[in-house]
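Look at TrEMBL and you will find 48, 97, 147, 186 tagged as heme b binding site. The transmembrane segment annotation in TrEMBL covers 33-57, 77-102, 129-152, 172-192, 232-250.
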């Protein structure tokens, strides 16, 4: 009985139909899971970039948020364990999201070329955005893996000096620019496309209440508003991300003769006296 259930599930996943030739619900369920994991990752990204940007307001601001993530208010001196747990959790969600996303990627150059040609012929923005998501997703496959590995292998190397050293002395600033651009575009283009698909933010409410007919003007207006929000979010997070990278790199340049030293608020203030 258990084998029959497993075999039928496998048939549904591969053929997208049940053994009874009915349309399978598996693709829809997998789409829902992909949307959910994507939404979780977008929310995480927004907070992550905001927290990283605190370096703009000084070393103390960055130090405080670092100690907060290390649960310094519970564990004396803080610990890298909470950072590791969060990193592993996010990595698992990323792996699930990526695996679900691969289903829809073109499996050959011929298919990619056909999709690209069709999008150019139809001049359809959403099709081009999908292609951009595929490209950024491919870039993120490598960059996120490297970034996560660095965080998990050295969970305590987060802070004003440690992060600044990584940007300048380890020449990682170029890597982080590539990661920033790819992840911001992928995240907010994805959020826009899911919002259209799911009918979020009132996009499903495009039917005239009197005539019960589809109101194209309402649909276009709401979609245009959503595009503006998408563009504002992309611009905002790219700006704060690039400024943060510039600040980290400059601080790393200033700290180049003391690579490996960790920031301590009291000792830092004494040096400035």
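Heads up, the Cβ atoms here are built off N, Cα and C, so glycines get one too.
Recorded features from TrEMBL, shown on the structure.
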{"residue": "48", "record": "heme b binding site", "contacts (Cβ under 8 Å, 6+ apart)": "none"}
{"residue": "97", "record": "heme b binding site", "contacts (Cβ under 8 Å, 6+ apart)": "34, 37, 38, 41"}
{"residue": "147", "record": "heme b binding site", "contacts (Cβ under 8 Å, 6+ apart)": "179"}
{"residue": "186", "record": "heme b binding site", "contacts (Cβ under 8 Å, 6+ apart)": "133, 136, 137, 140"}
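Within its own chain, the transmembrane segment (232-250) has Cβ neighbours under 8 Å at 45-46, 49-50, 52-53, 55-56, 163-164, 166-168, 173, 176-177, 180-181, 184-185, 188-189, 191, counting only residues six or more beyond its boundaries.
Residue 147 (heme b binding site) falls within a helical segment according to DSSP.
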